[in-house]
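Engineer: Under the heading ADP binding site, Swiss-Prot lists 153, 154, 155, 156, 157, 158, 159, 160.
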């Protein structure tokens, strides 16, 4: 009898791009073949406001927390919150830094992103991450025209994690929710220099993800997870994409990396056609 994989949430917080952290997290998670990690990636955590956004999501979807953060105050706040909700919180660099310090006999020179050096590619990715975080979930609509890629779709179609993945590769990415009855921002329709892509998924996948999400009092869990409602939302999203000739990617059976690979291909063709 085939056993079902156990799913869990893996939260990864970094004060830089998070590449080191993501590599370690995925390497460890891959050793547990009977488990499937749902990744939540939070790059550029450098102040309490940015941390609080991550903590809110960790509170809603508890799991394993990994981090690479230098600021002591931020680390203490993170650890205290994780202790309060009784979930593991691991600083993946701490034991390595201590080993170096002990062997070399010299103090650690703690600098954010020290491993990257000051090169143009690094600054490009940092700029893309800043832009992407600022333009998550329909925020800052007035500067959508500065995006390289804009992802649109209904709730829980992997818009945010895909945006972060693209930003880590230097692509300024915004994402805008498609909600029946809510007008699209004029700046979205006016973003002629950005590639706009619709993300969809199966009704079953979206319903499952939404059922696992702990919603606030302002939401009706029943209507949010109802398959008929989700089907209507998807129909609306498909019609919008068809009306404006936006390409659509079905993420149902795609990993974030696979979705991003298709987006890179579409972006290459889009830029060639300009």
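Yeah, the Cβs are placed from backbone N, Cα and C, and that goes for glycine too.
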Engineer: Which one of these binding-site residues has the most other Cβ atoms within 10 Å of its own Cβ: 156, 159?
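Structural biologist: By the 10 Å Cβ neighbour count, 159 comes out on top.
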Engineer: Just how many other Cβ atoms lie inside 10 Å of the Cβ on residue 155 (ADP binding site)?
Structural biologist: 17
Engineer: For residue 160 (ADP binding site), which residues in the same chain are close in space, meaning a Cβ under 8 Å from its Cβ, but six or more apart along the sequence?
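Structural biologist: In sequence order, 136, 137, 175 meet the Cβ cut-off.
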Engineer: List, in sequence order, the residues of the same chain other than 153, 154, 155, 156, 157, 158, 159, 160 whose Cβ lies within 8 Å of the centroid of the Cβ atoms of the recorded ADP site.
Structural biologist: 175, 177, 199, 201
Engineer: For 157, 158, listed as binding-site residues, tell me which one has the smallest number of other Cβ atoms within 10 Å.
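Structural biologist: Sparsest of the binding-site residues 157, 158 by Cβ contacts within 10 Å: 158.
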Engineer: Applying a 10 Å Cβ distance cut-off over all chains shown, what neighbour count does residue 153 (ADP binding site) have?
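Structural biologist: A count of 27.
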Engineer: With every protein chain in view, how many other Cβ atoms are within 10 Å of the Cβ of residue 154 (ADP binding site)?
Structural biologist: 21
Engineer: With H, G and I counted as helix, E and B as strand and the rest as coil, say where DSSP puts residue 153 (ADP binding site).
Structural biologist: strand
Engineer: Based on DSSP, name the secondary structure state of residue 158 (ADP binding site): helix, strand or coil.
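Structural biologist: The three-state answer is coil.
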